[in-house]
Amino acid sequence: MPNPQFLVLFGSQTGTAQDVSERLGREARRRRLGCRVQALDSYPVVNLINEPLVIFVCATTGQGDPPDNMKNFWRFIFRKKLPTTALCQMEFAVLGLGDSSYTKFNFVAKKLHRRLLQLGGSALLPVCLGDDQHELGPDAAVDPWLRDLWDRVLGLLPPPPDLAEIPPGVPLPSKFTLLFLQEAPSTGSEGQRVAHPGSQEPPSESKPFLAPMISNQRVTGPSHFQDVRLIEFDISGSGISFAAGDVVLIQPSNSAAHVQQFCQVLGLDPDQLFTLQPREPDVSCPTRLPQPCSMRHLVSHYLDIASVPRRSFFELLACLSLHELEREKLLEFSSAQGQEELFEYCNRPRRTILEVLCDFPHTAAAIPPDYLLDLIPAIRPRAFSIASSMLAHPSRLQILVAVVQFQTRLKEPRRGLCSSWLASLDPGQGPVRVPLWVRPGSLAFPETPDTPVIMVGPGTGVAPFRAAIQERVVQGQTRNFLFFGCRWRDQDFYWETEWQELETRDCLTLVPAFSREQEQKVYVQHRLRELGSLVWELLDRQGAYFYLAGNAKSMPADVSEALMSIFQENGGLCSPDAAAYLARLQRTQRFQTETWA
């Protein structure tokens, strides 16, 4: 008799929602239940009408937006024509992951829960609201919610009576087996699956384009605290096309030093070749890995050894550990009671997977290679706003990259994997190729030539607006208003000469805000208020579009507050009418944002 089945669907931007979903899958297997775990956009959404039990795990990104891998599902589920009885046979639960420091905390999960009810679904539980801001992270809400969920699920889907539950300390079978080859294959060579020039299909995550890097130039002053790079790629013959507002995704690699250290700690031969074999018929091998593959390629290009490990990492590591003292500590870190200590050891100092493995050397040395892909997540691609226009620079693609580096209590500085890897590449020393592909962004610019555009882009948030201004100027659209913010005119004023040249041609009105050049800090929201009458005139009388890009923490709320005060002071609106006016701009796509954490 087959095991009872249910479905877990996730929308994940940084990997946390996927990690929670895979935890649900593991807990189901321990309870002898069948469980399919899929990203929302990889699931044929029309089949939902046939699903009796579905758990949705959804993150909220930016300003209340769904993650990229559930955007198609999101559009479908909110179609007005869907009947109110569409999901009347489905029981569901929604687990949300968000950050309560943002205004639209867990907006996606709350809205999805309401929508599933509207379509006739029956909720097993109230929506779970995991919060990054809690001192124990999302697990503070997720753990008790999952206990309640399993009580409900086991009531609906009792496991086979003749099979006992698999206890927590016993490792589940690995997803894959690694079949080691005794000698190198006689034909073929190891390498990434890539899109070749002249290919019929555009590059994608499974087949990126290996773009030659043309230049890698630091654009901040030598004494400035942050290293920011303007990087240019040659995309000739790639089949890539993009418009202003689009995004490029880049697949980074681990440093050679980290790869060598990882192989030493785990006792792996970097040159050892293997083939991957899934244990289950419905599991496919990762498309990014060649077959056969070397251990060096797996660690360099696939395993995210520089990421901060999640609790699930410690759970599996504890199961695999043969060293009593290390196993005891790992079990503590993976228990509900040990989350405060785990946070202090791992999350607060941003300790990486590689560093944890170095702290547990006996356990690391005994990890069976079959479990590497269960234990360590895949390196995720990083998204960057494209900072150039194809109309101005055909066959070129430029990005503006702030190199992430900061100090915690650990001796080694913390470094962003992708930005540090990109900064280390020097096309002056020889050919450099970077795997990339393009997808539509969240910003869309008006096509009508006389429509004014107001753009607010502090710091690297200005990148998509450079692409838009280049594109609009080539098309003869000159009513461009840019509010740009940085610290110092002579240190981080990106593209100053380019903006000034456009101003002399009457193609741009530039309003800079230099926050550190006077006693009182001045930000873009202050400059907006100073020019409130112009902003109101452009928006209300001339139908301007308003765009905002940059850090999602407090800047979007500060700019929205500035707009509200402009609507009241310059437009004469009362507070409720000003809020309604702002909401109308958002609803009609005349106020668009692209923000990141």
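Cβ atoms are placed via backbone N, Cα and C, with glycine included.
In TrEMBL, annotation is done automatically, which means it is predicted and not curated.
Annotated in TrEMBL:
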- 6-150: domain 'Flavodoxin-like' (DOMAIN)
- 12-17, 59-62, 97-106, Asp132: FMN binding site (BINDING)
- 188-207: region 'Disordered' (REGION)
- 206-447: domain 'FAD-binding FR-type' (DOMAIN)
- Arg350, Arg382, Ala383, Phe384, Ser385, Gly416, Leu417, Cys418, Ser419, Trp596: FAD binding site (BINDING)
- Thr460, Ser515, Arg516, Lys521, Val522, Tyr523, Val524, Gln525, Asp558: NADP(+) binding site (BINDING)
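Once Cβ contacts within 10 Å are tallied over all protein chains shown, the binding-site residues Ala59, Val522 are led by Ala59. In the structure shown, across all protein chains, Arg350 is the one of the binding-site residues Arg350, Arg516 with the greatest number of other Cβ atoms within 10 Å. Counted with DSSP, the domain 'Flavodoxin-like' (6-150) comes out as 58 helix, 35 strand, 52 coil. Here Ser12 (FMN binding site) comes close to Gln18, Asp19, Ser21, Ala39, Val57, Ala59, Pro67, Asn69: these same-chain residues lie at least six apart in sequence, with C-beta atoms under 8 angstroms from its C-beta. Just so you know, of the binding-site residues Ala383, Leu417, Val524, the Cβ with the fewest other Cβ atoms around it within 10 Å is the one at Ala383. Scoring each of the binding-site residues (Tyr102, Phe105) by how many neighbouring Cβ atoms lie within 10 Å, the top position goes to Tyr102. Binding residues for FAD (Arg350, Arg382, Ala383, Phe384, Ser385, Gly416, Leu417, Cys418, Ser419, Trp596) extend across at most 26 Å, taking the greatest CA-CA distance. Maximum intra-site Cα distance, NADP(+) binding residues Thr460, Ser515, Arg516, Lys521, Val522, Tyr523, Val524, Gln525, Asp558: 19 Å.
On a Cα basis, Ala383 (FAD binding site) lies 14 Å away from Gly15 (FMN binding site). With respect to Thr460 (NADP(+) binding site), the closest of these binding-site residues in Cα terms is Ser385, chosen from Arg350, Ala383, Ser385, Leu417. Ranking the binding-site residues Gly62, Asp99, Asp558 by Cα distance from Ser385 (FAD binding site) puts Gly62 first. Taking the C-alpha atom of Asp99 (FMN binding site) as reference, the shortest distance to any of the binding-site residues Arg350, Ala383, Leu417, Ser419, Arg516 belongs to Arg350. Each residue contributes its Cα atom, and for Arg350 (FAD binding site) and Asp558 (NADP(+) binding site) those atoms are 29 Å apart. Using CA atoms as reference points, the binding-site residues Gly62, Phe105, Arg516, Val524 were checked against Ala383 (FAD binding site), and the closest is Gly62. Here the CA atom of Ser419 (FAD binding site) lies 28 Å from the CA atom of Phe105 (FMN binding site).
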